[in-house]
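Input: a single structure, listed below in structure tokens.
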Amino acid sequence: MSFRYALGTYITNPKQDLVVFHDDDYIIMKDAYPKALRHYLVLPRAESLTYKHPWMEYVEKAKDMIVADLVKEGYVEDSSIAKEKFRNTFIRAGVHSVPSMAHLHIHVITQDFYSERMKNKRHYNSFTTSFFIDFSDLRPAIRTDDLSPDSDADSHKKFIMSVFEGKEIKDISSDEVDLREDGVKKIGTLELGENFDFDKEFEELELLAEQSKEQKTFIDRLLSWEVKLNFQNKNHMVYLLGVFAAAAGLLSGLDQSIISGATIGMRKDLALTSHEQSLISSLMPLGAMAGSIIMTPLNEFFGRKFSLIISCVWYTVGSALCAAAQDHHLMYAGRFMLGVGVGIEGGCVGIYISESVPANVRGSIVSMYQFNIALGEVLGYAVAAMFYSVKGGWRFMVGSSLVFSTILFIGLFFLPESPRWLVHKNRTGMAYEVWTRLRDIKDDKNKLEFLEMRQAARQEHERKEQTSTMKTWADLFFIPRNRRALFYAVMMVTLGQLTGINAIMYYMSTLMQGIGFDEKNAVFMSLVGGGALLIGTIPAILWMDRFGRRVWGYNIIGFFIGLILVGVGYLFDFNTQKAQAEGVYLTGIIVYNLFFGAYSTLTWVVPSESFALETRSLGMTICSTFLYLWSFTVTYNFTKMQEAMTYTGLTLGFYGGIAFIGLIYQVLFMAETKDKTLEEIDDLFNMTPLQLAKQNLTNLKNGKP
């Protein structure tokens, strides 16, 4: 999280160690970086501030707490005269004229300035010159409108100017205005030391990059297993990484759809019961749950790229077992292992791409993963149709993953590791070397992005050192910014699964038979649904970063209409109205898959870019686990649900009902992350759900999605 928004977590979640008092209106807390023996902050919690707010009451309360604390520790004599004298002469309250923090706050500080955090003259001068505006000089100016300090420091400055008696900020000398309470200057979200030298900094980074080539640790040797490609046009390397990593989706899609056609022949050769058939179909998402759980330690220890390589090994072994299976037990094992590969891959690809490619193409390239899943599903149906008439053809179908997993395994050795993961692991030299191959380092914008990336990692390391109890799991659930991102990402994944896509794709051939097609035509007609899903992803890939995430979220309306048509298709009498039933049903399947194709890209884009660096792997693990949990649930229970609800009740009532609820949720609470760096998105989730809903509704009123 950016330093500028750090106070927001205490406002939304005041039950933290530094907070000494809080109620519905205000918070009094210890400064995390105190510049004196006692340094408190008074923070208003209200969304709007007026002259009616009891500012003085809480400032005086903070002073009382400081006095009581110092009396208890023996710094101040326990007499009314001594306490009052100390209070009036040795404690000062005020604000900085150019605040470094986004949220409005009042400093209440003792004048000893005795602290390890008082490291330079700027720290000292920021509390002793006119840069620090004493609270006694502030007067409550009566206004007709509310003052609302939002997440912008300029708004804070305007507030100070409106109440500062007889003097505006412009009257303060330029030397004093340049002072900052933390002694830094800012460029965007980047905070630089006062003596920062760009040229010297990047000379040191180049030296680190050279030194990193001589590292001899096991993990460094592992990370060095790469056939290094260095294109003159850096965009070529970006697209090669993005396109090839996203191609992992082919394996996932292939294994999801191939089972639809393979079960027809497998059912006869292995004498499968309906229960065994359901279990074979659903064991892959169950294995994917296991894969998504082990994805976090793999991601953290081996990195993003090598986790993908490990997933290829699981794919290869799983495919071989399925192709060689002589009974359902070996098929169970093979499908489960395939699922583990899917789970590892699903959590890694989005992170790997998001951390490596520029913000302006991130959404489109991550969307290609879903495109490749859809392409893999079409290939699966095509392979099933190709080998349908071949004796034992189902073995060729389930073994076809071997070809793609081998190609992906070899190709990954031509790609670099994620630069953000390398920075996160303090391998700055290696990260910079990778960065020079992915970005034009002559462009200052790319230099700044690298420094922002390094700064974010350093701030996280410092935070963990200072607060030993703050573990990654606790961070994800108890820090409001992280908790909001988790809920948001899990909701997108949940909506994508509970609207029935995997159940429909897994049982496509069976569903086609249910509407009146024979076995052979059911296999061929499955290509219609898979093809529509593939075509639907193309617009999202081309224009994801042009129109933004919210526009594509509205596609939920389209596949809701498709579900209505599918449900209506089952209401026809198949004996007397077979053509009408097939026509309405196929139209519904096409509409459903076309719109879902674009929407489904969000289930990978949103989680991959929502989480802060330190919680990204764990967040993706939880999202992937939920994705495959819901996939297993709807797949395994599909037969039972359709028997209990009927085909129409399941598709229109259950899947359609979830889609309708999802539409309402997205209109209100879906965040727009288009064109934002991962560090800027980190700041976006500091908004409360209510603030986000108000912003979204305001944008809709103004004609913005």
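Any Cβ shown, glycine's included, is placed from N, Cα and C.
As given in TrEMBL:
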type     : residues : note
TRANSMEM : 238-259  : transmembrane segment
DOMAIN   : 241-674  : domain 'Major facilitator superfamily (MFS) profile'
TRANSMEM : 279-299  : transmembrane segment
TRANSMEM : 306-326  : transmembrane segment
TRANSMEM : 332-353  : transmembrane segment
TRANSMEM : 365-388  : transmembrane segment
TRANSMEM : 394-415  : transmembrane segment
TRANSMEM : 485-508  : transmembrane segment
TRANSMEM : 523-544  : transmembrane segment
TRANSMEM : 551-572  : transmembrane segment
TRANSMEM : 584-606  : transmembrane segment
TRANSMEM : 618-638  : transmembrane segment
TRANSMEM : 644-668  : transmembrane segment
Contact between the transmembrane segment (306-326) and the transmembrane segment (485-508) (3 or more Cβ pairs under 8 Å, separation 6+): no
Top partner of the transmembrane segment (523-544) among 238-259, 332-353, 485-508, 584-606, 644-668 - counted as Cβ pairs under 8 Å: 584-606
Cβ-Cβ under 8 Å with the transmembrane segment (644-668): same-chain residues at least 6 beyond its ends: 491, 495, 498-500, 514, 550, 553-554, 556-557, 559-560, 563-564, 566-568, 570-571, 692-693, 696-697, 700
Seg_contact(the transmembrane segment (485-508), the transmembrane segment (332-353)) with at least 3 CB pairs under 8 angstroms, min sep 6: no
Mean predicted confidence [pLDDT] for the domain 'Major facilitator superfamily (MFS) profile' (241-674): 85
Cβ-based contact of the transmembrane segment (618-638) with the transmembrane segment (551-572), 3 or more pairs under 8 Å: no
Contacting positions for the transmembrane segment (584-606) when only residues 6+ beyond its ends and CB under 8 Å are counted: 346, 349-350, 362-363, 366-367, 369-371, 373-374, 488-489, 492-493, 495-497, 499, 501, 504, 515, 525, 528-530, 532-541, 544, 549, 552-553, 555-559, 561-570, 572, 627, 673
